[in-house]
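J.: Reproduced below are the annotations present in TrEMBL:
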type     : residues : note
DOMAIN   : 7-116    : domain 'BTB'
TRANSMEM : 164-189  : transmembrane segment
TRANSMEM : 216-236  : transmembrane segment
TRANSMEM : 248-270  : transmembrane segment
TRANSMEM : 290-310  : transmembrane segment
TRANSMEM : 317-338  : transmembrane segment
TRANSMEM : 350-370  : transmembrane segment
TRANSMEM : 382-406  : transmembrane segment
Amino acid sequence: MNFGRGPSVVLNVGGTRYSFSREVLKDFPLRRVSRLHGCLSEQDVLEVCDDYDRERNEYFFDRHSEAFGFIMLYVRHGHLRFVPHMCELSFYNEMIYWGLEGSHLDYCCQRRLDDRMSETCTYYAAEEPNGGLEGKKGRRPPGAEGGKWLERMRRTFEEPTSSVAAQVLATVSILFVIVSMVVLCASTLPEWRTAENRSVEEQSRYTAESVREPSGIIEAICIGWFTAECIVRFIVSKNKCEFVRRPLNIIDLLAITPYYISVLMTVFTGENSQLQRAGVTLRVLRMMRIFWVIKLARHFIGLQTLGLTLKRCYREMVMLLVFICVAMAIFSALSQLLENGLDLGAKNKDYASIPAACWWVIISMTTVGYGDMCPITVPGRILGGICVVSGIVLLALPITFIYHSFVQCYHELKFRSARYSRSLSAEFLN
(Lines of atoms letter the chains of each structure in order from A; the text may use other names.)
(Lines give C-alpha, C1' and ligand atoms only; values in the text may rest on other atoms or scores of the structure.)
Protein backbone atom coordinates (compact mmCIF):
# COMPACT_ATOMS: atom_id res chain seq x y z
CA MET A 1 0.00 0.00 0.00
CA ASN A 2 1.43 3.34 -1.07
CA PHE A 3 -1.23 5.46 0.58
CA GLY A 4 -1.72 6.20 4.27
CA ARG A 5 0.62 6.11 7.24
CA GLY A 6 1.31 3.73 10.10
CA PRO A 7 2.29 0.07 10.25
CA SER A 8 -1.33 -1.16 10.47
CA VAL A 9 -4.71 -0.35 9.00
CA VAL A 10 -8.17 -0.48 10.57
CA LEU A 11 -11.31 -1.73 8.84
CA ASN A 12 -14.54 -0.35 10.26
CA VAL A 13 -17.43 -2.49 8.98
CA GLY A 14 -20.80 -1.34 10.29
CA GLY A 15 -19.23 -0.06 13.52
CA THR A 16 -17.05 -3.13 14.20
CA ARG A 17 -13.32 -2.44 13.92
CA TYR A 18 -10.68 -4.89 12.67
CA SER A 19 -6.95 -4.15 12.73
CA PHE A 20 -4.49 -5.66 10.22
CA SER A 21 -0.90 -5.11 9.21
CA ARG A 22 -0.15 -3.76 5.76
CA GLU A 23 1.52 -6.98 4.61
CA VAL A 24 -1.56 -9.05 5.50
CA LEU A 25 -3.71 -6.95 3.15
CA LYS A 26 -1.54 -7.83 0.15
CA ASP A 27 -2.71 -11.45 -0.05
CA PHE A 28 -5.99 -11.11 1.86
CA PRO A 29 -8.59 -13.73 0.81
CA LEU A 30 -11.29 -11.06 0.33
CA ARG A 31 -10.79 -9.36 -3.02
CA ARG A 32 -12.20 -5.98 -1.96
CA VAL A 33 -9.92 -5.78 1.08
CA SER A 34 -6.84 -6.83 -0.88
CA ARG A 35 -7.50 -4.03 -3.38
CA LEU A 36 -6.63 -1.52 -0.65
CA HIS A 37 -2.99 -2.59 -0.87
CA GLY A 38 -2.65 -1.18 -4.37
CA CYS A 39 -4.36 2.17 -3.75
CA LEU A 40 -2.10 5.14 -4.60
CA SER A 41 -4.38 8.06 -3.75
CA GLU A 42 -7.41 8.94 -1.70
CA GLN A 43 -9.57 8.76 -4.81
CA ASP A 44 -8.50 5.14 -5.34
CA VAL A 45 -9.35 4.35 -1.72
CA LEU A 46 -12.84 5.87 -1.99
CA GLU A 47 -13.56 3.62 -4.98
CA VAL A 48 -13.05 0.61 -2.67
CA CYS A 49 -14.59 1.78 0.62
CA ASP A 50 -17.25 4.32 1.65
CA ASP A 51 -15.05 6.68 3.69
CA TYR A 52 -11.47 7.08 4.96
CA ASP A 53 -9.88 8.70 8.00
CA ARG A 54 -6.29 9.70 7.17
CA GLU A 55 -5.28 10.51 10.75
CA ARG A 56 -6.25 7.10 12.16
CA ASN A 57 -5.67 5.24 8.88
CA GLU A 58 -9.20 3.79 9.19
CA TYR A 59 -11.38 2.59 6.33
CA PHE A 60 -15.17 2.66 6.70
CA PHE A 61 -17.51 0.18 5.01
CA ASP A 62 -21.25 0.72 5.36
CA ARG A 63 -22.08 -3.02 5.32
CA HIS A 64 -23.68 -5.62 7.59
CA SER A 65 -21.29 -6.09 10.54
CA GLU A 66 -22.60 -9.51 11.61
CA ALA A 67 -22.36 -10.88 8.07
CA PHE A 68 -18.76 -9.64 7.84
CA GLY A 69 -18.04 -11.39 11.13
CA PHE A 70 -19.12 -14.72 9.61
CA ILE A 71 -17.04 -13.95 6.51
CA MET A 72 -14.02 -13.35 8.75
CA LEU A 73 -14.62 -16.77 10.31
CA TYR A 74 -14.25 -18.18 6.79
CA VAL A 75 -10.97 -16.28 6.38
CA ARG A 76 -9.63 -17.75 9.61
CA HIS A 77 -11.02 -21.31 9.57
CA GLY A 78 -12.02 -21.98 5.95
CA HIS A 79 -15.74 -22.64 6.57
CA LEU A 80 -18.45 -20.24 5.40
CA ARG A 81 -22.03 -20.60 6.61
CA PHE A 82 -25.12 -18.40 6.63
CA VAL A 83 -25.82 -15.99 9.46
CA PRO A 84 -28.75 -17.29 11.56
CA HIS A 85 -32.02 -15.37 11.09
CA MET A 86 -30.63 -13.54 8.04
CA CYS A 87 -32.00 -13.81 4.50
CA GLU A 88 -29.84 -16.09 2.36
CA LEU A 89 -29.96 -13.67 -0.57
CA SER A 90 -28.91 -10.74 1.63
CA PHE A 91 -25.94 -12.70 2.94
CA TYR A 92 -25.07 -13.76 -0.61
CA ASN A 93 -25.14 -10.08 -1.59
CA GLU A 94 -22.61 -9.38 1.18
CA MET A 95 -20.44 -12.22 -0.11
CA ILE A 96 -20.45 -10.80 -3.64
CA TYR A 97 -19.52 -7.36 -2.27
CA TRP A 98 -16.45 -8.71 -0.47
CA GLY A 99 -15.40 -10.86 -3.43
CA LEU A 100 -16.68 -14.33 -2.55
CA GLU A 101 -18.85 -16.68 -4.60
CA GLY A 102 -21.48 -19.29 -3.90
CA SER A 103 -18.88 -22.07 -4.25
CA HIS A 104 -17.16 -20.81 -1.08
CA LEU A 105 -20.22 -21.77 1.00
CA ASP A 106 -20.41 -25.13 2.72
CA TYR A 107 -22.40 -27.71 0.80
CA CYS A 108 -25.50 -27.52 3.02
CA CYS A 109 -25.63 -23.74 2.63
CA GLN A 110 -25.14 -24.02 -1.13
CA ARG A 111 -28.29 -26.14 -1.32
CA ARG A 112 -30.20 -23.57 0.76
CA LEU A 113 -29.02 -20.81 -1.56
CA ASP A 114 -30.02 -22.74 -4.69
CA ASP A 115 -33.48 -23.45 -3.30
CA ARG A 116 -33.92 -19.82 -2.29
CA MET A 117 -32.85 -18.55 -5.70
CA SER A 118 -35.17 -21.04 -7.39
CA GLU A 119 -38.11 -19.70 -5.39
CA THR A 120 -37.42 -16.02 -6.02
CA CYS A 121 -35.86 -16.25 -9.53
CA THR A 122 -33.15 -13.84 -8.44
CA TYR A 123 -29.46 -13.80 -9.17
CA TYR A 124 -26.88 -11.36 -7.88
CA ALA A 125 -24.22 -10.76 -10.52
CA ALA A 126 -20.61 -10.30 -9.50
CA GLU A 127 -19.39 -6.72 -9.48
CA GLU A 128 -17.50 -5.81 -12.66
CA PRO A 129 -14.04 -4.30 -12.17
CA ASN A 130 -14.80 -1.27 -14.33
CA GLY A 131 -18.53 -1.20 -13.79
CA GLY A 132 -20.36 1.94 -12.83
CA LEU A 133 -17.70 4.39 -14.02
CA GLU A 134 -20.04 5.80 -16.58
CA GLY A 135 -22.78 6.52 -14.10
CA LYS A 136 -20.69 8.15 -11.37
CA LYS A 137 -21.27 11.89 -11.33
CA GLY A 138 -22.05 11.86 -15.06
CA ARG A 139 -18.42 11.23 -16.02
CA ARG A 140 -17.50 9.10 -19.01
CA PRO A 141 -14.11 7.58 -19.77
CA PRO A 142 -12.11 9.07 -22.64
CA GLY A 143 -13.28 7.96 -26.07
CA ALA A 144 -16.65 6.73 -24.77
CA GLU A 145 -18.64 8.99 -27.08
CA GLY A 146 -16.76 7.77 -30.14
CA GLY A 147 -17.33 4.11 -29.33
CA LYS A 148 -20.93 4.50 -28.19
CA TRP A 149 -22.45 3.44 -31.50
CA LEU A 150 -20.13 0.41 -31.64
CA GLU A 151 -21.31 -0.64 -28.19
CA ARG A 152 -24.94 -0.28 -29.26
CA MET A 153 -24.29 -2.33 -32.38
CA ARG A 154 -22.52 -4.99 -30.35
CA ARG A 155 -25.42 -5.25 -27.90
CA THR A 156 -27.90 -5.34 -30.76
CA PHE A 157 -26.23 -8.39 -32.28
CA GLU A 158 -25.11 -10.14 -29.06
CA GLU A 159 -27.99 -9.45 -26.62
CA PRO A 160 -31.44 -10.19 -28.11
CA THR A 161 -33.31 -8.44 -25.24
CA SER A 162 -31.21 -5.26 -25.10
CA SER A 163 -33.38 -3.18 -27.47
CA VAL A 164 -36.28 -3.29 -29.92
CA ALA A 165 -33.87 -3.52 -32.85
CA ALA A 166 -32.11 -6.45 -31.18
CA GLN A 167 -35.40 -8.31 -30.75
CA VAL A 168 -36.33 -7.71 -34.40
CA LEU A 169 -32.89 -8.90 -35.51
CA ALA A 170 -33.12 -12.00 -33.32
CA THR A 171 -36.58 -12.81 -34.72
CA VAL A 172 -35.33 -12.53 -38.30
CA SER A 173 -32.33 -14.72 -37.50
CA ILE A 174 -34.58 -17.37 -35.94
CA LEU A 175 -36.80 -17.35 -39.03
CA PHE A 176 -33.79 -17.89 -41.29
CA VAL A 177 -32.65 -20.81 -39.13
CA ILE A 178 -36.12 -22.39 -39.24
CA VAL A 179 -36.39 -21.95 -43.03
CA SER A 180 -32.94 -23.44 -43.59
CA MET A 181 -33.77 -26.42 -41.39
CA VAL A 182 -37.04 -27.02 -43.23
CA VAL A 183 -35.23 -26.99 -46.58
CA LEU A 184 -32.55 -29.34 -45.23
CA CYS A 185 -35.18 -31.81 -43.96
CA ALA A 186 -37.19 -31.59 -47.18
CA SER A 187 -34.08 -32.33 -49.27
CA THR A 188 -33.89 -35.82 -47.67
CA LEU A 189 -37.42 -36.78 -48.78
CA PRO A 190 -37.60 -39.56 -51.42
CA GLU A 191 -39.53 -37.31 -53.83
CA TRP A 192 -36.87 -34.63 -53.48
CA ARG A 193 -34.03 -37.11 -54.12
CA THR A 194 -35.90 -38.54 -57.12
CA ALA A 195 -36.12 -35.08 -58.66
CA GLU A 196 -32.39 -34.56 -58.10
CA ASN A 197 -31.54 -37.91 -59.69
CA ARG A 198 -33.60 -37.02 -62.70
CA SER A 199 -31.75 -33.74 -63.04
CA VAL A 200 -28.41 -35.60 -62.88
CA GLU A 201 -29.48 -38.10 -65.56
CA GLU A 202 -30.87 -35.22 -67.63
CA GLN A 203 -34.36 -36.75 -67.65
CA SER A 204 -37.19 -34.22 -67.55
CA ARG A 205 -34.56 -31.49 -67.21
CA TYR A 206 -37.01 -28.59 -67.06
CA THR A 207 -39.09 -30.19 -64.29
CA ALA A 208 -36.03 -31.08 -62.22
CA GLU A 209 -34.58 -27.60 -62.48
CA SER A 210 -37.89 -26.04 -61.50
CA VAL A 211 -37.92 -28.20 -58.37
CA ARG A 212 -34.27 -27.67 -57.52
CA GLU A 213 -33.84 -23.96 -58.28
CA PRO A 214 -36.04 -22.51 -55.46
CA SER A 215 -34.21 -24.56 -52.81
CA GLY A 216 -30.84 -23.35 -54.08
CA ILE A 217 -32.01 -19.75 -53.96
CA ILE A 218 -33.40 -20.14 -50.43
CA GLU A 219 -30.16 -21.77 -49.27
CA ALA A 220 -28.07 -19.00 -50.79
CA ILE A 221 -30.20 -16.30 -49.13
CA CYS A 222 -29.92 -18.00 -45.72
CA ILE A 223 -26.16 -18.39 -46.07
CA GLY A 224 -25.87 -14.76 -47.14
CA TRP A 225 -27.74 -13.62 -44.04
CA PHE A 226 -25.66 -15.79 -41.69
CA THR A 227 -22.43 -14.62 -43.32
CA ALA A 228 -23.36 -10.94 -43.07
CA GLU A 229 -24.42 -11.38 -39.46
CA CYS A 230 -21.14 -13.10 -38.57
CA ILE A 231 -19.05 -10.43 -40.33
CA VAL A 232 -20.86 -7.55 -38.60
CA ARG A 233 -20.49 -9.15 -35.18
CA PHE A 234 -16.79 -9.66 -35.85
CA ILE A 235 -16.34 -6.02 -36.86
CA VAL A 236 -18.11 -4.56 -33.80
CA SER A 237 -16.55 -6.99 -31.30
CA LYS A 238 -14.17 -5.57 -28.70
CA ASN A 239 -11.61 -8.37 -28.76
CA LYS A 240 -11.21 -10.06 -32.14
CA CYS A 241 -9.13 -12.97 -30.81
CA GLU A 242 -11.65 -13.73 -28.07
CA PHE A 243 -14.46 -13.49 -30.62
CA VAL A 244 -12.88 -16.25 -32.71
CA ARG A 245 -12.42 -18.49 -29.64
CA ARG A 246 -16.05 -18.33 -28.48
CA PRO A 247 -17.91 -21.63 -28.94
CA LEU A 248 -21.00 -20.11 -30.56
CA ASN A 249 -18.88 -18.23 -33.10
CA ILE A 250 -16.97 -21.42 -33.91
CA ILE A 251 -20.31 -23.15 -34.51
CA ASP A 252 -21.33 -20.31 -36.84
CA LEU A 253 -18.17 -20.82 -38.88
CA LEU A 254 -18.75 -24.58 -38.99
CA ALA A 255 -22.28 -23.96 -40.27
CA ILE A 256 -21.29 -21.43 -42.94
CA THR A 257 -18.02 -22.84 -44.28
CA PRO A 258 -19.38 -26.13 -45.80
CA TYR A 259 -21.62 -24.19 -48.18
CA TYR A 260 -18.72 -22.22 -49.66
CA ILE A 261 -16.57 -25.35 -49.86
CA SER A 262 -19.33 -27.19 -51.75
CA VAL A 263 -19.73 -24.24 -54.13
CA LEU A 264 -16.00 -24.22 -54.84
CA MET A 265 -15.99 -27.98 -55.41
CA THR A 266 -18.92 -27.62 -57.79
CA VAL A 267 -17.09 -24.90 -59.72
CA PHE A 268 -13.89 -26.93 -60.04
CA THR A 269 -15.43 -30.39 -60.65
CA GLY A 270 -18.42 -29.45 -62.75
CA GLU A 271 -22.11 -29.69 -62.05
CA ASN A 272 -22.71 -33.05 -63.76
CA SER A 273 -19.32 -34.73 -63.42
CA GLN A 274 -18.84 -38.21 -61.98
CA LEU A 275 -17.04 -36.73 -58.97
CA GLN A 276 -19.98 -34.44 -58.32
CA ARG A 277 -22.50 -37.28 -58.48
CA ALA A 278 -20.55 -39.69 -56.31
CA GLY A 279 -19.04 -37.08 -54.00
CA VAL A 280 -19.47 -38.33 -50.46
CA THR A 281 -17.65 -35.24 -49.25
CA LEU A 282 -20.32 -32.95 -50.62
CA ARG A 283 -23.07 -34.90 -48.92
CA VAL A 284 -21.20 -34.70 -45.62
CA LEU A 285 -20.76 -30.95 -46.06
CA ARG A 286 -24.44 -30.50 -46.76
CA MET A 287 -25.37 -32.39 -43.61
CA MET A 288 -23.10 -30.14 -41.57
CA ARG A 289 -25.79 -27.49 -42.00
CA ILE A 290 -27.47 -29.14 -39.02
CA PHE A 291 -25.16 -26.94 -36.93
CA TRP A 292 -27.49 -24.06 -37.77
CA VAL A 293 -29.87 -25.40 -35.11
CA ILE A 294 -27.28 -24.61 -32.43
CA LYS A 295 -27.42 -20.95 -33.55
CA LEU A 296 -30.72 -20.80 -31.68
CA ALA A 297 -28.68 -20.85 -28.47
CA ARG A 298 -28.06 -17.12 -29.00
CA HIS A 299 -31.75 -16.42 -28.52
CA PHE A 300 -32.93 -19.01 -25.97
CA ILE A 301 -31.83 -19.13 -22.33
CA GLY A 302 -32.45 -22.88 -22.11
CA LEU A 303 -29.80 -23.78 -24.70
CA GLN A 304 -27.38 -21.26 -23.21
CA THR A 305 -27.92 -22.79 -19.77
CA LEU A 306 -27.19 -26.25 -21.14
CA GLY A 307 -23.95 -25.11 -22.75
CA LEU A 308 -22.79 -23.16 -19.70
CA THR A 309 -23.60 -26.09 -17.40
CA LEU A 310 -21.59 -28.50 -19.53
CA LYS A 311 -18.71 -26.05 -19.52
CA ARG A 312 -18.69 -25.66 -15.74
CA CYS A 313 -19.35 -29.34 -14.98
CA TYR A 314 -16.76 -30.88 -17.25
CA ARG A 315 -15.10 -32.55 -14.23
CA GLU A 316 -18.39 -34.19 -13.25
CA MET A 317 -18.97 -35.24 -16.87
CA VAL A 318 -15.50 -36.80 -17.05
CA MET A 319 -16.20 -38.57 -13.75
CA LEU A 320 -19.46 -39.93 -15.16
CA LEU A 321 -17.65 -41.11 -18.30
CA VAL A 322 -15.00 -42.87 -16.19
CA PHE A 323 -17.73 -44.63 -14.17
CA ILE A 324 -19.37 -45.90 -17.36
CA CYS A 325 -16.09 -47.02 -18.95
CA VAL A 326 -15.02 -48.97 -15.85
CA ALA A 327 -18.43 -50.66 -15.60
CA MET A 328 -18.36 -51.49 -19.32
CA ALA A 329 -14.95 -53.12 -19.01
CA ILE A 330 -16.04 -55.28 -16.06
CA PHE A 331 -19.51 -56.33 -17.22
CA SER A 332 -18.54 -56.89 -20.86
CA ALA A 333 -15.71 -59.25 -19.86
CA LEU A 334 -17.95 -61.17 -17.44
CA SER A 335 -20.85 -61.41 -19.89
CA GLN A 336 -18.59 -62.69 -22.67
CA LEU A 337 -17.19 -65.29 -20.32
CA LEU A 338 -20.58 -66.48 -19.05
CA GLU A 339 -22.35 -66.48 -22.44
CA ASN A 340 -19.62 -67.67 -24.79
CA GLY A 341 -16.37 -68.48 -23.05
CA LEU A 342 -17.35 -71.32 -20.68
CA ASP A 343 -18.80 -73.54 -23.44
CA LEU A 344 -21.39 -75.27 -21.22
CA GLY A 345 -23.47 -76.55 -24.09
CA ALA A 346 -24.92 -73.53 -25.90
CA LYS A 347 -22.83 -70.61 -27.07
CA ASN A 348 -24.40 -67.19 -27.49
CA LYS A 349 -22.93 -65.84 -30.72
CA ASP A 350 -23.97 -62.28 -29.84
CA TYR A 351 -21.30 -62.31 -27.11
CA ALA A 352 -18.51 -63.67 -29.27
CA SER A 353 -16.09 -60.93 -28.15
CA ILE A 354 -15.73 -58.33 -25.42
CA PRO A 355 -16.22 -55.36 -27.83
CA ALA A 356 -19.50 -56.96 -29.00
CA ALA A 357 -20.60 -57.37 -25.38
CA CYS A 358 -19.85 -53.67 -24.69
CA TRP A 359 -22.89 -52.71 -26.79
CA TRP A 360 -25.16 -54.84 -24.60
CA VAL A 361 -23.60 -53.38 -21.43
CA ILE A 362 -24.12 -49.72 -22.42
CA ILE A 363 -27.71 -50.41 -23.53
CA SER A 364 -28.45 -52.22 -20.27
CA MET A 365 -26.79 -49.63 -18.02
CA THR A 366 -28.80 -46.81 -19.58
CA THR A 367 -31.99 -48.95 -19.28
CA VAL A 368 -32.74 -48.55 -23.00
CA GLY A 369 -32.95 -52.28 -23.72
CA TYR A 370 -33.30 -52.64 -27.50
CA GLY A 371 -33.57 -56.43 -27.19
CA ASP A 372 -31.31 -57.03 -30.19
CA MET A 373 -29.03 -59.14 -27.96
CA CYS A 374 -29.69 -60.64 -24.55
CA PRO A 375 -28.19 -63.32 -22.28
CA ILE A 376 -29.62 -66.85 -22.47
CA THR A 377 -27.87 -68.49 -19.53
CA VAL A 378 -28.99 -68.16 -15.93
CA PRO A 379 -25.67 -66.66 -14.74
CA GLY A 380 -25.75 -64.26 -17.67
CA ARG A 381 -29.25 -63.07 -16.79
CA ILE A 382 -28.26 -62.55 -13.14
CA LEU A 383 -25.29 -60.53 -14.36
CA GLY A 384 -27.66 -58.53 -16.59
CA GLY A 385 -29.82 -57.59 -13.61
CA ILE A 386 -26.77 -56.50 -11.64
CA CYS A 387 -25.62 -54.48 -14.66
CA VAL A 388 -28.94 -52.62 -14.91
CA VAL A 389 -29.03 -51.75 -11.19
CA SER A 390 -25.38 -50.67 -11.24
CA GLY A 391 -26.03 -48.45 -14.24
CA ILE A 392 -28.87 -46.64 -12.47
CA VAL A 393 -26.70 -46.01 -9.40
CA LEU A 394 -23.60 -44.92 -11.33
CA LEU A 395 -25.53 -42.53 -13.58
CA ALA A 396 -27.32 -40.97 -10.61
CA LEU A 397 -24.22 -40.23 -8.53
CA PRO A 398 -22.96 -37.07 -10.36
CA ILE A 399 -26.45 -35.79 -11.17
CA THR A 400 -26.72 -33.78 -7.93
CA PHE A 401 -23.63 -31.72 -8.73
CA ILE A 402 -24.77 -31.12 -12.31
CA TYR A 403 -28.26 -30.12 -11.12
CA HIS A 404 -26.99 -27.44 -8.72
CA SER A 405 -24.69 -26.04 -11.40
CA PHE A 406 -27.60 -26.00 -13.86
CA VAL A 407 -29.77 -24.03 -11.40
CA GLN A 408 -27.03 -21.49 -10.78
CA CYS A 409 -26.31 -21.06 -14.51
CA TYR A 410 -30.01 -20.65 -15.25
CA HIS A 411 -30.46 -17.88 -12.68
CA GLU A 412 -27.29 -16.17 -13.83
CA LEU A 413 -28.47 -16.04 -17.45
CA LYS A 414 -32.00 -15.10 -16.39
CA PHE A 415 -30.67 -12.20 -14.34
CA ARG A 416 -28.64 -10.95 -17.30
CA SER A 417 -31.67 -11.23 -19.58
CA ALA A 418 -33.83 -9.34 -17.04
CA ARG A 419 -31.19 -6.60 -16.82
CA TYR A 420 -31.33 -6.02 -20.56
CA SER A 421 -35.12 -6.26 -20.50
CA ARG A 422 -35.16 -3.36 -18.02
CA SER A 423 -33.10 -1.30 -20.46
CA LEU A 424 -35.59 -2.28 -23.18
CA SER A 425 -38.48 -1.04 -21.00
CA ALA A 426 -36.64 2.24 -20.46
CA GLU A 427 -36.27 2.58 -24.22
CA PHE A 428 -40.05 2.21 -24.67
CA LEU A 429 -40.71 4.82 -21.96
CA ASN A 430 -38.33 7.28 -23.56
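Glycine is treated like the rest: Cβ placed from N, Cα and C.
Please treat TrEMBL annotations as automatic predictions, because they have not gone through curation.
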J.: Average pLDDT across the domain 'BTB' (7-116)?
T.: 85
J.: Which residues, given as numbers and ranges, are at least 6 beyond the ends of the transmembrane segment (290-310) yet have a Cβ under 8 Å from it?
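T.: That would be 158, 160, 170, 173-174, 177, 180-181, 184, 222, 226, 247-248, 251-252, 254-255, 317, 402, 405-406, 409-410, 412-414, 417.
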J.: Check for me, if you would, whether the transmembrane segment (317-338) reaches the transmembrane segment (216-236) - at least 3 Cβ pairs under 8 Å, residues 6 or more apart in sequence.
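T.: Result for the transmembrane segment (317-338) with the transmembrane segment (216-236) is no.
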J.: As a quick check of your reading of DSSP, tell me how many residues in the domain 'BTB' (7-116) are helical, how many are strand and how many are coil.
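T.: The breakdown for the domain 'BTB' (7-116) reads 55 helix, 19 strand, 36 coil.
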